[in-house]
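Notes follow the structure.
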Amino acid sequence: MNENRVINDNTEWDSVIGEQKSQLNFNFKEIWRYRDLLILFVKRDIVTVYKQTILGPIWFLLQPVFTTIIYVAIFGRVAKIPIGTAPPILFYLGSVTLWNYFSDTLNITSKTFTDNATVFGKVYFPRLILPLSKVLSGIIKLGIQFSLFFVVWIYYIFINKQITPTLYVFTFPLILLTIAMLSLGVGIIITSMTTKYRDLTFLVSFAVQLLMYATPIIYPISTVSAKNQIWLWLNPLTSLFEAFKFAFLGEGVVNFFWLSYSVLFTFVVTFIGILVFNKVEKRFIDSV
C-alpha cells in the first residue's frame, strides 16, 4: 500500500503563516484592537513625568509662562521685533505653546526604537502604538497649556478689548491635526534611520532648535523681505503658524496655496514614515 497520500485541494485552512508580501499593509485594525494598550501608554506618559515632583502638572503651565516672559523681554523689549497690533504676551504665548507641542513630539517620537529596544525585544504589540501614544499624550499636555492661552485670549477680547477673533478659530483642530501628523511622520522617519545611523539622535534636538528660527514663531512673516519669504513658506510649519496667529490674534497671513502645500506635504511625509517604520520594525532588534 502506498503511504504517500494526496491532500485534497479543497482542504480548508484556518490560517496561513507566511511572510508579509507588501509593506503597504498598515493594518490599522490591529492598532484598534490594541487601543487599551495605547490608552495605557498615554496615561503612563502623563502621570509618570511629574509624579515625584512637588508642583506636579503645574509644570505644564509654568514652562510656557516662563518662556513667554523671556521672549517678551528679549524679542519684544530688547530686540523690539515688530509683531503688529497683537498683545506681545498673547503673541508669544500662543506661538510657544504650539511650537512646544511640535518640538516635544518630534523629539520623543524620533527615539522610539532606541528608547524602547528592550520592550520591543520581549513582547509583541503594534510598534506604531508607542509613537502614537506620544502624539496623544502631547495633545493632552497641549490642552492644559492651551487653557492658559485661552484664558488670556478671552481677557484681551472682553476686558482689554484689544483683539477681535475671526471665524478662522474653528480651523484650529485642523491646524493641530496637521501639526500632529507632521511631527509623527518626521519623527518615525528619523527613528527608523537611527537604527542604522545613531548620530541622528544627537542631531535631532539641534535641528529642531534651528527649525524654530526658520518658522515665524518669534516674528510674523510680514517682517521678512518679500524675496526671502519664499524660503520660509517652503517650511510646512510656516503657513500653519501664520493661520493660527491670524485666527486668534488677527495677525498673520492666511495663504490657501501654502496651506494646501503644508497639508499635502504632511500626508506624504506621514505615509512615507509609516511605510519606512513598518519595514524597519521587523528587523531593528539586530541593529539597535
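Each Cβ is built from the backbone N, Cα and C atoms, and glycine gets one as well.
Annotation source TrEMBL lists domain 'ABC transmembrane type-2' at 55-280. Under the heading transmembrane segment, TrEMBL lists 54-74, 81-102, 135-158, 170-194, 200-219, 256-277.
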Contact ranking winner - 54-74, 170-194, 200-219 against the transmembrane segment (256-277), Cβ under 8 Å: 170-194
Cβ contacts under 8 Å made by the transmembrane segment (170-194) with residues that lie 6+ beyond its boundaries: 98, 101-102, 105-114, 128, 131-132, 134-135, 138-139, 142, 200-201, 204, 236-237, 240, 243-244, 247-248, 262-263, 265-267, 269-274, 276-277, 279-280, 284
Distant-in-sequence neighbours of the transmembrane segment (81-102), which means Cβ under 8 A and at least six residues beyond its ends: 63-65, 67-68, 71-72, 75, 138-139, 141-142, 145-146, 148-149, 152-153, 156, 160, 162-163, 176, 179-180, 182-183, 212, 215, 217-220, 222-223, 237, 241, 244-245, 248-251
Chain residues in Cβ proximity to the transmembrane segment (200-219) (below 8 Å; excluding those fewer than six residues from its ends, i.e. six or more beyond): 71, 75, 81, 83, 92, 95-96, 99, 103, 106-107, 110-111, 114, 190, 193-194, 231-232, 235, 237-238, 241-242, 245, 252
